[in-house]
Ligand code: SF4
């Protein structure tokens, strides 16, 4: 099996708390535990960003954790999906406008799925992660599409069609 | 002899065994931890300030619940009772009983989460899954009573938001009996299972004198025989009517802390039963008039130890000062003391057995 299939069958998650009240974190734990059993999708809670595909973030992003958040995000390999768990991760929630808080993580990293709720219930977390899996698949396909860097090869002429260069102005327009 | 080399090992701020961002710096010599330095400020949000500038006193009860998701009810209850004291209002007995019910249910699920976490960090993942599955019994009760699993905003100034109906009562009794069997089973496992007892006995030891000297609180203090419990000392709740008992162990190690938690869960189950059987008739919400003026304090025993609230108000809509002191903050000296001399390999299990709560500490 190729890596593509592994990624589809067993996406690993990385969980980071950037200032939450623990409410959503314990719901993530509960979602992984037997009653809700997120692990049936092949998901494993993993501490290493370099092996993870889905980034579960909780908390309204405090000043001191934003550097860690961006660092973790950049360490994850492409394709990756970011899931914001809980209202305070989406918009700041009840912590909105407190002096040490950045009002949601999407100022710093792109978010693919927003999960509402204070605390987000395990059912919602499962829905969000499954949605994330779809997006992950799309992104994988997107990445594997061949890129036209040097334009197309015209075999009959056995030369490169230079009108379709990536730098061509007409090409950029459409 | 060659001089011993000190090696610094950082742990955190993001780590698989830590739910919350916290950074440790262990100085180790040959596997032994000689010193530990920690940084808990990653989750500081500024709640205390916001309580006096962004929110009115009627809203603050729901905001302080967001200090910590695990002992949310303790926070909102401390605040609410503090304000009720300032307004010179004492709620009726039914409300007290219902508040106490949620407080004890909260203690049960918090302790179970801690036990699960300890097992996981000691390398017993199956046990983690089992305890988390059993914990759902309590979560179901909480959801039935209050409408949410965690962060149930159950308490308001002057009363509680929902009544206990017959169906919920039935569910509660059924789940509590199921849970009691499971807890008996867990007590048996935590004492007799070869791998659990071998891993936990005599590790992370804190002596009784150190517990007193360094201000250990909650289960951590009670595990070394220190009689420290707010429930004994205050009379805001009818604890003696519902069958509260002080739980003490003498060992002071991880094993004793686990046992204290397990036995407290049993005691809480007993209390919950008594409360449900003895809820008196009455209103669940009383009218409270006026605006708070003056200063007061409030103490409640959270699952991790004493929570202390200080309120200062001047008769306006906004409070002047809200000061929150949480158990983990007071325990830090005792925790540092336990780490010194332990093996680095045990650091995670010891850490989980304190049940530290960074969201509370940094606020
Ligand atoms: S959304 Fe609510 S429960 Fe979740 S971390 Fe934020 S404040 Fe806590």
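Here the Cβ of each residue, glycine as well, is placed from N, Cα and C on the backbone.
Automatic prediction, not curation, is the source of TrEMBL annotations.
What TrEMBL says about this one:
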BINDING   B:48, B:324  Mg(2+) binding site
BINDING   B:68, B:71, B:357  Ni(2+) binding site
BINDING   B:71, B:360  Fe cation binding site
DOMAIN    B:123-287  domain 'NADH-quinone oxidoreductase subunit D'
DOMAIN    B:291-361  domain 'NADH-quinone oxidoreductase subunit D'
Task: Count of other CB atoms lying within 10 Å of the CB belonging to residue B:360 (Fe cation binding site) - done: 28
Open item on the list: If proximity means a C-beta under 8 angstroms from chain A, which of B:48, B:68, B:71, B:324, B:357 count? These are the binding-site residues.
Closed with: B:68, B:357
Open item on the list: Taking 10 A as the limit, how many CB atoms besides its own sit near the CB of residue B:68 (Ni(2+) binding site)?
Closed with: 29
Task: Packing count at residue B:357 (Ni(2+) binding site) (other Cβ atoms within 10 Å of its Cβ) - done: 29
Task: Winner by Cβ contact number (other Cβ atoms within 10 Å) across the binding-site residues B:71, B:324 - done: B:71
TODO: Would you mind checking how many other C-beta atoms are within 10 angstroms of the C-beta on residue B:48 (Mg(2+) binding site)?
DONE: 16
Task: Three-state composition of the domain 'NADH-quinone oxidoreductase subunit D' (B:291-361), taking helix and strand from DSSP - done: 28 helix, 28 strand, 15 coil
Open item on the list: Around residue B:71 (Ni(2+) binding site), which of the listed binding-site residues (B:48, B:324, B:360) come within 10 Å, judging by Cα atoms?
Closed with: B:360
- [ ] Give me the mean pLDDT over the domain 'NADH-quinone oxidoreductase subunit D' (B:123-287), rounded to a whole number.
- [x] 83
Open item on the list: Nearest of the binding-site residues to residue B:360 (Fe cation binding site) by CA-CA distance, picking from B:48, B:68, B:324?
Closed with: B:68
Task: Cα-to-Cα gap, residue B:324 (Mg(2+) binding site) vs residue B:68 (Ni(2+) binding site), nearest whole Å - done: 12
